[in-house]
C-alpha cells in the first residue's frame, strides 16, 4: 500500500488516458446484446429497443474504454455483419442460453463463421451465455459442448461466461477478462 501512496505523491498530474479498444458485438436478435451494453453504460433499461442496423456505444471501464459496435441480429442483417468487422480488435458474442434448439443452432453457425472469419479469427472473443436467470437456460458446460468450442477455438483466445442482467458484476468481470486479453495482444509483436 505504501507504494501506491508514494506513487501518488510523486506523480501528480492528470491520470494517463485509458486505452480505447474497438470491438464488434454480435448475436441473434433477443440474445440481450443491447440490454447488456446499456446496463454497462448505466443507461435506463426501459428505453431499450432492438437494434435494427448497428449502434456504437463507448463502454467505460476502470482501465479501458471499449467502443462497441453492436450489430443487429435479425436474419436480414446478419448477412451484412462482415461489412462491419474491419478495424475490430475483439469480438463479443452474446447468445441466449434459454433459446429454442433452432435458434441455438443458428447461433452456433454464426459463432463458427465469426471464429473462422479472416478479419476476426485472430482476435480475442468474449462469448456470453446470457439469460442464465431463466429456468430453461443451459449451463456453460452444455453450451461449450453444443457449440463445439474446444476443437474449433483451439489456439484462439476466447472466454465463455454465463451471464444475466441481474448479475452485472459478473458481466463486468467477464469484460475485465476480455480487456486483459486485449492488453496482452497489444504487447505482442505484431504478426505480419
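Note that Cβ sites are derived from N, Cα and C of the backbone, with glycine treated the same way.
From a predicted model like this one, the values you see are computed outputs, not experimental measurements.
Here TrEMBL flags 27, 28, 29, 30, 31, 32, 33, 34, 73, 130, 131, 132, 133 as GTP binding site. All protein chains considered, the CB of residue 34 (Mg(2+) binding site) has 23 other CB atoms within 10 Å.
If you look up TrEMBL, you'll see 34, 51 marked as Mg(2+) binding site.
Sequence-distant neighbours of residue 133 (GTP binding site): residues of the same chain at least 6 apart with a C-beta under 8 Å from its C-beta are 164, 165, 166, 167. A gap of 11 Å separates the Cα atoms of residue 31 (GTP binding site) and residue 51 (Mg(2+) binding site). In the structure as shown, the Cβ atom of residue 29 (GTP binding site) sits within 10 Å of 18 other Cβ atoms.
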